[in-house]
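The next block holds one structure in the form of structure tokens; read it before the comments.
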């Protein structure tokens, strides 16, 4: 079940960015599993990619090509084309070449993306056979269909859109994402595509998506695994009648930054809300750190703990598990007598011990909620970080045990 995630909001079309969807039947016949995106000529494209050393063949190619001239993004679901060695690279190149031949662009102007089962050969012929139908379907209004087309174990499509006005010109930022499992920071089993009609230099665009992803996609964790295939792409088509943004300053840049960050945050949190088998959406706030890294270390120790995640699923306020996770986070010279821990607004531990005012009934009431905040005050400094995660349910085990069957 998705926690607090409803139907897609209105996804505003982005001038100069079209999407087309078709079926290659990669995992099952008739399923829409190929998405082609076309960028207007002169668009800037930037991206961030998985840090997994076993990164997939399409990731390797996309990273090589992203700073060049990009006209098309080609996505398939049902097959990750990861762990496939040189044949996987050959297969990824073949799909790009097939699309290039149909559209009259150079193959280097096509960026490939794949998601699905790892270690199986990419069914190149099936993808090639679906390309013309996807091209015939290209439309600026196809964001919702594309959000469905990139899904794997997701239960709902994910998207967000923002608009703002500058000097009388409306700028649009729209994005979609997919992901429900193998979610771990530094990009997870996640694909994200965000487009705007602003005109932005490639260097500024790259910094923008890096910073936006760092505060959103890179603060998610569902199961602690980092995928081989992740990426988040930001495309600026330059169709809006405004000057090019060439520096990370000024009113136009700040307005665009806010819109991009808002879209990143919304589609990133949607991934957690739709986490495989999730019944709880959990925010882990760590305040009072001496530096940001120790806040993250504590936050991830809590968010990754199977004992805490199963307690969340059971609505069991087992606060000792939270203290244990904080203590093993590896923060040097941690003074536990300064640590306070809260469940929602309830103080469960004060100065490293059970709070004198805390009752089990208070904790149980918070843990029964669908959305829970665990707040940890370290008392060491002024740094803070926030991470989003889920509980760990029977359904998560079932989904992943049956993934290839």
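Even glycines carry a Cβ here, placed using N, Cα and C.
Since this is a predicted model, take the numbers as computed values, not measurements.
According to Swiss-Prot, the features are:
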type     : residues                     : note
BINDING  : 152, 178, 189, 276, 400, 405 : substrate binding site
ACT_SITE : 189                          : active site, nucleophile
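In three-state terms derived from DSSP, residue 276 (substrate binding site) belongs to neither a helical nor a strand segment and is classed as coil.
For residue 178 (substrate binding site), other Cβ atoms within 10 Å of its Cβ number 27.
A sphere of 10 angstroms centred on the C-beta of residue 400 (substrate binding site) encloses 16 other C-beta atoms. Using a 10 Å radius centred on the Cβ of residue 276 (substrate binding site) and all shown protein chains, the other Cβ atoms total 25.
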